[in-house]
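Per TrEMBL, domain 'Glycosyltransferase family 28 N-terminal' is recorded for 3-142. Under the heading UDP-N-acetyl-alpha-D-glucosamine binding site, TrEMBL lists T10, A11, G12, N124, R161, S195, Q291. Summarising the annotation, TrEMBL assigns domain 'Glycosyl transferase family 28 C-terminal' to 188-348.
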Amino acid sequence: MHVVLAGGGTAGHIEPALALADALRRQDPSVGITALGTEKGLETRLVPERGYELALIPAVPLPRKPTPELITVPGRLRGTIKAAEQVLERTKADCVVGFGGYVALPGYLAAKRLGVPIVVHEANARPGLANKIGSRYAAGVAVATPDSKLRNARYIGIPLRHTIATLDRARVRPEARAAFGLDPNLPTLLVSGGSQGARRLNEVIQQIAPVLQRSGIQILHAVGPKNEMPRVDNMPGMPPYVPVPYVDRMDLAYAAADMMLCRAGAMTVAELSAVGLPAAYVPLPIGNGEQRLNAQPVVKAGGGLLVDDAELTPQWVQGNVLPVLADPHRLYEMSRAAAEFGRRDADDLLVGMVYEAIAAR
């Protein structure tokens, strides 16, 4: 059996694809896996690092919304679809699984031409154009949110890295806090803006950090590799403020934390919900509003807070995040609500949908 994954460009498209690849290989080590990608996407690094084959095809960016530019897309797609067809024929693909992004649409259209079954996974609450089109031809459609607009969709969550999906935060916490130089017993706030949008969060947390520290809260702050590291002057006896450029082991960061201040990308929301880590979500104020929609369900379930980017201030953190961190019972209730909403088994559920699609061929 050979499965072709179509989901390149950003980590939000690539990581679920790689989580599915890992799950397929756990179930059957002989499964062949090839990921479609473009030469400028993150997949050029992430896919080979995980040991999977990467096949490059030309990139054809799709407008987020219907615009006059859409008229030119079919012509530009022809060469990309042909390149994707060649990959499917070379690998004798049994199924194409798409996750959105630049390579998904040519992957879907190539599979349709060749009669290869298609499975679509949509991570965002508001589906992108590629997955809207792909879902019309798909044998199975999986979604990450329970109220998706895609027809005949099955709610499974987002396939997560195995280290996240199996994380026991309480068991790993002592090791995690020691790894980051944190106190083993103090309430801990994790701050990260992800791969984009970190600057605003960085500015606010640096301003409010002394107030949090004086209130008995320690901070683990992933600043971002391209951002300037803050100057830190931890006074003796004060809870530490630990800035780091980047966190390679997010499982350890999640285990160390009691709460997180972060953006609301689909992958972030899925991971935090799965591990039961409550968060204050600050949706990016760009795009089509999908980040707010991503966070709303878990916030409504009681597993987080939601604040607009323009409303995020040191005063907001002091008035909303600090009271949660200072209240063990409220932390426990929010953690439980997040965990009850989250899904840890999406990778295995998606594997099942792949096998169903192939069997129905």
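Easy rule for this one: first residue shown is 1, then count along the chain.
Glycine is treated like the rest: Cβ placed from N, Cα and C.
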Structural state of T10 (UDP-N-acetyl-alpha-D-glucosamine binding site), classified by DSSP into three states: coil
Protein Cβ atoms within 10 Å of Q291 (UDP-N-acetyl-alpha-D-glucosamine binding site), excluding its own: 27
Neighbouring C-beta atoms (10 Å sphere around the C-beta of T10 (UDP-N-acetyl-alpha-D-glucosamine binding site)): 18
Packing count at N124 (UDP-N-acetyl-alpha-D-glucosamine binding site) (other Cβ atoms within 10 Å of its Cβ): 24
DSSP-derived class (H/G/I helix, E/B strand, else coil) of N124 (UDP-N-acetyl-alpha-D-glucosamine binding site): coil
Site of maximum Cβ density within 10 Å, from binding-site residues A11, G12, R161: G12
Segment-level pLDDT (mean, integer) for the domain 'Glycosyl transferase family 28 C-terminal' (188-348): 93
For R161 (UDP-N-acetyl-alpha-D-glucosamine binding site): DSSP state (helix, strand, coil): coil
